[in-house]
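Report on the following structure.
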Amino acid sequence: MSDSPPTTKLPAQSPPVDPAETEVAGHKASAGTARLSWWHGDGGDGARRNLALIGVLLILFVIGAATRSDLYSNPDWVWANMLSILKLASVVGVVTVGMTFVIIGGGIDLSVGAIVALAGVWCTTVATQSFGAAGMIFTAIVVGMAVGLVNGTLIAYGRLVPFIATLAMLVAARGLAAEISDKQTQISQNSTINGIASNSLLGIPLLVYILAAVVIAGWVLLNRTTFGRRTVAVGGNPEAARLAGINVKLHTVLLYVLSGLCCGIAAIMLTAQATSAQAAMANLYELDAIAAVIIGGTLLSGGRGTIVGSLLGVIIFATITNLFAINGLSTEAQNMVKGGIIVAAVLIQQVQFGSLSQFFRRNNRLTTS
Amino acid sequence: MSETGRPLVEAPADAVAGEVVLRLSDVVKTFPGVRALDGVQLEVRAGEVHCLLGQNGAGKSTLIKVLAGVHRPDSGLVEWRGQPVSFANPQAAMRAGIATIYQELDLVEDLSVAENAFLGHEPRSLGFIRRGHMARRTRQILGRLGHAEIPPGRMVRALPAAGKQVVSMARALSHEARLIIMDEPSAVLAHDEVDNLFRIVRELTAQGIAVIYISHRLEEIREIGDRVTVLKDGRTTAANLPARDTPTRDLVSRMTGRTIEYVFPERSADTTVGEKLLEVDGLTRSGEFADVSLTVAAGEIVGIAGLVGSGRSEVLETIYGARRAESGTVRMAGKALRPGSVGAAVRAGLGMAPEERKSQALLLGEPIYRNVTLATFARYARLGFTDIGKERAEADRIAESLEMRPRDVNRPVRTLSGGNQQKVVVGRWLLGGTRLLLLDEPTRGVDVGARAELYQVIRELAAQGVGVLLVSSEVPEVLGLADRVLVMREGRVVRTAPAAELDESTVLDLVMSGSLMEGAAA
Ligand SMILES: Nc1ncnc2c1ncn2[C@@H]1O[C@H](COP(=O)(O)OP(=O)(O)OP(=O)(O)O)[C@@H](O)[C@H]1O
Ligand SMILES: [Mg+2]
């Protein structure tokens, strides 16, 4: 045993025999690529996907410019059109922020459209309108959060599957909305509320400000707070979260309450846009929101996702709608394109960029027996 | 053909013992930012047990994943039975005769034992799965594995950890294999199970089947191995050493670049312990354990020895509030803990590193630091806003003291080697603020060097007044680390004694009897 290194007594920190060799191999290799590591590494996953989504938006813009070059030659029109796309995206966008939290937390909320309708109808009853704009906003938000509380309680403590619980709520909430409104369209008489949709500040519609505020609040909540951290933990591995001392059930309830809150805000926005509310409003918003979340790269199984991705998903959908509208095409064709985009987004998620580049590399180099 | 007379695995008729079946030269495999394999040489002969040794993160699992068709090498040559090969996927490797038992169990929890054993190659006729035949073959394989009591129709989810390990062995044996790779198969097995495993390995090699065996336990390698190849930082540092005759210090120094003399830190002369911290009285959960009473004083390390399925883990989880006791009380520093509430336990200063790191402890896609601070991030937060800088610094400290590698705490835990993931699980509770540490198999898959570090850290914590309750299948670990030892059998404490009064064979005698399913069935 002439070659054995000097004996050191553990656990005293012993100087390695050959410092160059004990350095983790990867650290040496990574030095050169350190700056790009966010791109290649896992941390850049969300950023990479969001860049891809921005690429999709650019492509849609080019398609628009190519098909209606007459309109796109006017910069003022392009600006106005972009604002109208954002305005179009604003209501679903707010709902999608809440949905993103629920899905990252390992659940799903099929009742969002119904909650928007219920909150919209409740806040436009004659009795509620008599309390003025503040009363209407308060009502919409409280109704939204209350329905979310019921959803969350059924799921966390009643142990219902989220899909079932919120599906039942979808039916029930729309039923209640029809009951309250007596199946009538309720006109909003409140000029402050209606003004939310018609007014602008510095040339930008108020609705877009609301969307921006909700998105920024959502981003901060997810990425900078303990609430966001718990959401990722609860969705990623509920058992691990529980054994780390996180109150998984309570947090699950809070996630659905948050989704309800977003629906309440969206209800005000949508009521303002239509200057009225009815039980059939916000129809199929749940599908738009879920689709946007999926396109945005949030895992349906929970534990990972981004607010920015979801926002981009919503904007992509609104842009497609806009593209079809300015070209005077049917909504049927539009729905088919949207469906195709959802499938494409999920396929891209499965064939991840990393494995794709690996795939190309190995096919260049290796021979298969 | 008689069912019982059939060999465990259909040995290929042309298997010749001693012939080189597998040869790797200069195999390189990189992941983003990590050179996991950096020129590996390996030669495996038919009928031998070839052991792979190396520290956590040395590249052992990556190497076997290359062989199993999970990863493809960036460069280098893999020769299988004289032909250069590159398996496109795991199925291709299996068809070629390479079966693998992975370090991280890869079973489908909601399928039955038999369905898992034959996953991907179910016996069929006319497109229908021959269920009866499949169940019979499974029962036969399980019988040969010494676990006839596991019903082929049972959902895998309902099995204890060791039972799952048996099923994944059954899966590897359900193939007609010339090479069977076992990545730390003994990590989740108790003593008698390991004997069983070795009996099977000997049966396999007697038929000319080659076995690649990975373990951090040197005594196992001495017992079962023929030749040893040592990896360090992705490179072969020694090849084809004789497994029985190579001195331990030689093996260890080639693995780690240094020599390890004392695995267990010496006890300090001062053996006085503080006041009673944890008092458990008459704890019972029917079918799991009954009437368990124990105390842990501040600064004391109490070990629980027992077989897998003897109720040890369940006792720990019940103390921690993850399970609700049917009767009995848990008191922490004199105050009763609310039963069934992990939150209350954590607030009272308890921390538990659970048995199964993947399913019970880790967020695999999240960075290391967020996993280390999973139980404490709220403590560093201000007004609900997390302090990521502080979290990273704390995680860095833990990574340093447990020799985690790579040291970069921003990496997702998924990309860590098994042993390093284990360090994350234990490290979570070493951040401070824990008054009583519950450790369930804390060194599972951790290499010799890091194990010594971990023992030292645990001793230091105890010296600072933290109480430790330790569960381990490794009797030497319990005896070497604990001040006092409880022996459990079939859900009951059968003996409590100072560690100094017990030796390994006494404990083993007390522990034995009772099988895997008896403890878990109810
Ligand atoms: N998918 C991956 N992505 C990035 N890095 C990886 C990946 N898999 C493994 N690595 C890295 O490759 C190196 C070798 O890991 P490997 O799992 O082969 O170690 P090991 O020898 O099996 O260790 P252990 O004894 O802890 O199981 C480690 O540094 C690990 O972090
Ligand atoms: Mg490994």
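Even glycines carry a Cβ here, placed using N, Cα and C.
Quick look at what TrEMBL lists:
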COMPBIAS  A:1-11  compositional bias 'Polar residues'
REGION    A:1-25  region 'Disordered'
TRANSMEM  A:47-66  transmembrane segment
TRANSMEM  A:78-104  transmembrane segment
TRANSMEM  A:110-128  transmembrane segment
TRANSMEM  A:135-157  transmembrane segment
TRANSMEM  A:163-180  transmembrane segment
TRANSMEM  A:201-222  transmembrane segment
TRANSMEM  A:253-272  transmembrane segment
TRANSMEM  A:307-329  transmembrane segment
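Counted as Cβ pairs under 8 Å, contacts with the transmembrane segment (A:201-222) are highest for A:78-104 among A:78-104, A:135-157, A:163-180, A:307-329. Remote same-chain partners of the transmembrane segment (A:135-157), defined as residues 6 or more beyond its termini with a Cβ less than 8 Å from a stretch Cβ, comprise 107, 109, 111, 115-116, 118-120, 122-124, 128-129, 165-166, 169, 173, 188, 190, 193, 248-250, 252-265, 267-268, 271. Long-range contacts of the transmembrane segment (A:163-180) within the same chain, counting only residues at least 6 positions beyond its ends with a Cβ under 8 Å from a Cβ of the stretch, are 108-111, 113-115, 117-118, 120-122, 125, 147, 150-151, 154-155, 278-280, 286. Contact count against the transmembrane segment (A:110-128) (Cβ pairs under 8 Å) is highest for A:253-272, out of A:47-66, A:78-104, A:253-272, A:307-329. Looking at A:47-66, A:78-104, A:253-272, the range that has the most CB pairs within less than 8 A of the transmembrane segment (A:307-329) turns out to be A:78-104.
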